[in-house]
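So that you can see what the record holds, here are the features copied from TrEMBL:
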DOMAIN    11-227  domain 'Orotidine 5'-phosphate decarboxylase'
BINDING   Asp17, Lys39, 66-75, Thr121, Arg182, Gln191, 211-212  substrate binding site
ACT_SITE  Asp66  active site, for OMPdecase activity
ACT_SITE  Lys68  active site, for OMPdecase activity
ACT_SITE  Lys68  active site, proton donor
ACT_SITE  Asp71  active site, for OMPdecase activity
Amino acid sequence: MHAPVPDPRDRLIVALDLSSVGAAESLVSRLGDTVNFYKIGYELGFAGGLGFARELIADGRKVFIDFKLHDIGNTVARGVASLAALGASFATVHAYPQTMRAAMEGKGASPLRILAVTVLTSYDEGDLNEAGYAASVAETVARRVAQARAIGIDGIVCAPTDAASVRAALGPRGAIVTPGVRPDGSDAGDQKRIATPFAAIRAGADHLVVGRPIVASPDPAAAARAVLAEIARALS
Ligand SMILES: O=C(O)c1cc(=O)[nH]c(=O)n1[C@@H]1O[C@H](COP(=O)(O)O)[C@@H](O)[C@H]1O
């Protein structure tokens, strides 16, 4: 018996970092069947994007709600319960133990998967130090992954450059989701810990989050197909 051929489309999550539902509708329509998994964060989420998330879900698309929750446990648990009722596939919280526990409790028996954000991909050691952390990026990621694993988290968001060490620390259970993905030659923007789609998958990422390299491309569908081709090559 053969293992099922992995569909690279399940691996690519396009970040709908756009200022209006109209702009998001137009991008989703341009991407057509090329992309099936979308992330909605602050920009679109605070501009009517949760209603659009419902439409995408009703249309059979997968939706990742990325509000990176971090609040008192009761508030996180109840917020996550609302995201579970929306039908989201993934939601993010910051990887603080109290927050992770509350989110796992709040999702109940729903299929929503809670992803814990370790150290943002726009952070390097200097940024962590400036925020008051003495430990290095690698030490902070390792500590947060160990805590996430003990809590039984559904997945981790980390830089592609951390994916291999995160998989070793996380064990086989749990998804690894990496933003900070930049095809060769594309602008890093504010991202500091980056890798190509090929390198991210080879390092053990299960899903790649890609925003500007696709969303800001003059031909988003061609840019998405190029990322998918790299994913397929890395999986072969
Ligand atoms: O949780 C995230 O998705 C996230 C975590 C992180 O550490 N870094 C990061 O860039 N992201 C998100 O991933 C997306 C990356 O977008 P681009 O840099 O445009 O590809 C943005 O929507 C970010 O909010």
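Glycine is treated like the rest: Cβ placed from N, Cα and C.
Filtering Asp66, Phe67, Asp71, Gly211 by Cβ distance to ligand 1 (under 6 A) retains the following recorded positions: Asp66, Gly211.
By the criterion of other Cβ atoms within 10 Å of the residue's own Cβ, the least surrounded of the recorded positions Asp17, Asp66, Asp71 is Asp71. DSSP gives Lys68 (active site, for OMPdecase activity) a strand state. Neighbour counts of Cβ atoms within 10 Å were taken for the binding-site residues Gly73, Gly211; the minimum is at Gly73. Between the CA atoms of Asp71 (active site, for OMPdecase activity) and Asp17 (substrate binding site) there is a gap of 23 Å, rounded to the nearest whole number. According to DSSP, Gly73 (substrate binding site) is assigned to a helical segment. All protein chains considered, the CB of His70 (substrate binding site) has 16 other CB atoms within 10 Å.
Gly211 (substrate binding site) falls within neither a helix nor a strand when secondary structure is assigned with DSSP, and so counts as coil. Nearest to Asp66 (active site, for OMPdecase activity) in space, judged by Cα atoms and limited to the binding-site residues Asp17, Gly73, Thr121, Gly211, is Asp17. For Thr121 (substrate binding site), the number of other Cβ atoms no farther than 10 Å from its own Cβ, over all displayed protein chains, is 25. If you take every residue in the domain 'Orotidine 5'-phosphate decarboxylase' (11-227) and average the pLDDT, you get 97. Taking Cβ-Cβ distances under 8 Å and a sequence gap of 6 or more within the same chain, the neighbours of Lys68 (active site, for OMPdecase activity) are Thr92, Val93, His94, Val117.
Shown in sequence order, Gly41, Tyr42, Gly45, Gly79, Ala91, Thr92 are the residues of the chain, 6+ apart in sequence, with a C-beta less than 8 angstroms from the C-beta of Phe67 (substrate binding site). According to DSSP, Thr121 (substrate binding site) is assigned to coil rather than to any helix or strand.
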